[in-house]
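S.K.: Questions regarding the structure given below will be posed in turn.
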Amino acid sequence: MNLPAEHPLNTGATGASLLVLNMRGHRTSPLPVWFMRQAGRSLPEYRKLREGIAMLDSCLTPELVVEITLQPVRRHGVDAAIFFSDIVIPLKLAGLDVDIKPGVGPVLENPVRTKEAADALRLIDGDAFAPITTAVGMLVKELASTPLIGFGGAPFTLASYLIEGGPSKELPHSREMMRNQPELWAQILNWCADITAQFISAQVVAGASALQVFDSWAGRLSPDEYETFAKPYSERLFSQLALLVDKDGVPVPRVHFGVGTESLLESMHEVGATVMGIDSNTDLERASALFTNKVPLQGNISTELLTANWETLAEHIDEVIASGLNAPGHVVNLGHGVPPETDPDVLTRITEYIHRTTT
Ligand code: CP3
């Protein structure tokens with residue numbers, strides 16, 4: 001789908017930003033930086049704003065979404081905003097009784113484990129995206145030349161909540177279903193792919209200049225399991241996202257990220273990603289070599305070093321930048337989301353440091 005004429009990638013507002021340039025394979029000096037999970041969590045101004053408001057309600061209130069999304073951009077001066085929302089919002093917009101419990105995560109009253117329940121799943125009505133598209137529209141006006149990143153969850157990670165009914169390490173119901181009821185598994189994961197495609201497309205058409213798919217739990221699958229039980233559905237998602245192109249036919253950058261995914265990186269790229277997010281377990285030089293140094297990378301400052309003394313952290317950042325040099329573009333980020341207890345001043349200092357570093 002062609003983006004509208006007023007989209008920031010079409011007006012020229014964000015096309016020359018450090019983020020979009022690197023994501024499209026044009027390395028810059030200095031490099032761009034943003035932090036996964038930069039909105040919310042570690043910021044005192046976020047916690048204050050959220051007092052007494054349920055997580056999912058806040059995600060569907062445009063004024064709050066705009067303010068929370070902008071907080072880290074103002075505070076740290078990062079090179080991108082990430083839309084404040086959650087991977088389970090499409091489940092909510094599709095009418096499921098999902099909630100996010102503080103300190104627990106997404107919980108579903110009625111997990112989907114039967115053919116009857118799966119047959120009742122419907123695509124999201126276009127009007128339901130109004131709070132999302134309104135917030136994105138307001139944000140891109142405020143952000144001007146700073147790109148907004150839209151996001152969603154990969155089918156496997158989203159389905160793990162839908163089928164288990166909440167966060168689960170072992171994924172017993174999912175594993176049982178993928179082995180014993182492969183058709184039901186396929187039906188549910190296809191639906192997850194389609195509603196997330198709707199969710200991410202809505203953010204991009206409304207003004208996001210890049211998109212990221214989080215397959216946070218993919219690392220729990222072996223490479224064979226990933227090929228059979230996750231990859232076809234991620235391909236289905238990415239093939240819909242690949243249709244999002246600017247007026248020159250250039251696609252919106254598509255980032256794919258997971259944790260513990262070193263053995264899956266090539267497969268995760270093959271599904272249709274144009275940028276690969278790398279966690280801290282994989283050296284960027286090694287990751288880049290897997291893609292014959294042709295794929296822009298995002299990552300991978302260790303979240304464990306955020307509490308180290310500054311000299312140690314700065315040395316580590318230098319190593320991250322050096323190890324990414326073979327990639328055609330590099331978006332500096334953490335290896336995973338900002339831990340909630342992070343001192344926000346450390347993130348500001350990292351941003352300033354990266355902006356001062358030339359290569
Ligand atoms: O930068 C941002 O934080 C932007 C918004 C964002 C949220 N969730 C808001 C949120 C993003 C990008 C996500 C992604 C997300 N959500 C993922 C993939 C990334 C990852 O961390 O692996 C997953 C698996 C989820 C599902 C989810 N939502 C979990 C597991 C939890 C609980 C644990 C946690 O992170 O606190 C949530 C809740 C959630 N989503 C919060 C926020 C700000 C915390 C709720 C609160 O503040 O009350």
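Even glycines carry a Cβ here, placed using N, Cα and C.
These came from TrEMBL, pasted as-is:
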- ARG37, GLN38, ALA39, GLY40, ARG41, ASP86, TYR161, SER216, HIS336: substrate binding site (BINDING)
- 32-41: domain 'Uroporphyrinogen decarboxylase (URO-D)' (DOMAIN)
- 149-165: domain 'Uroporphyrinogen decarboxylase (URO-D)' (DOMAIN)
- ASP86: site 'Transition state stabilizer' (SITE)
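I'm curious about the neighbourhood of these features; can you describe it?
M.R.: The Cβ of ASP86 (site 'Transition state stabilizer') lies under 8 Å from the Cβ of MET55, LEU56, CYS59, ILE100, PRO106, each of these being in the same chain and 6 or more residues away along the sequence.
For the domain 'Uroporphyrinogen decarboxylase (URO-D)' (32-41), the number of residues in each DSSP class (helix H, G, I; strand E, B; coil) is 0 helix, 1 strand, 9 coil.
Only residues 6 or more beyond the boundaries of the domain 'Uroporphyrinogen decarboxylase (URO-D)' (149-165), in the same chain, are considered here, and those with a CB under 8 A from a CB of the stretch are 19, 34, 80-83, 85, 87-88, 90-91, 96, 98, 105-113, 136, 171-174, 177, 188-190, 192-193, 196-197, 199-200, 203-204, 208-218, 221, 229-230, 233-234, 236-237, 255-256, 258.
When secondary structure is read from DSSP and collapsed to three states, ASP86 (site 'Transition state stabilizer') falls in the coil class.
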S.K.: Checking the recorded positions ASP86, TYR161, HIS336: which ones have Cβ within under 6 Å of ligand 1?
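M.R.: Cβ under 6 Å from ligand 1: ASP86.
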S.K.: DSSP three-state call for TYR161 (substrate binding site): helix, strand or coil?
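M.R.: Going by the DSSP assignment, TYR161 (substrate binding site) falls within a helical segment, counted as helix.
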S.K.: What three-state class does DSSP give HIS336 (substrate binding site)?
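M.R.: DSSP assigns HIS336 (substrate binding site) to coil.
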S.K.: List nothing but the largest Cα to Cα distance in Å, as a whole number, among the residues ARG37, GLN38, ALA39, GLY40, ARG41, ASP86, TYR161, SER216, HIS336 that the record says bind substrate.
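M.R.: Greatest Cα separation within the listed binding residues comes to 23 Å.
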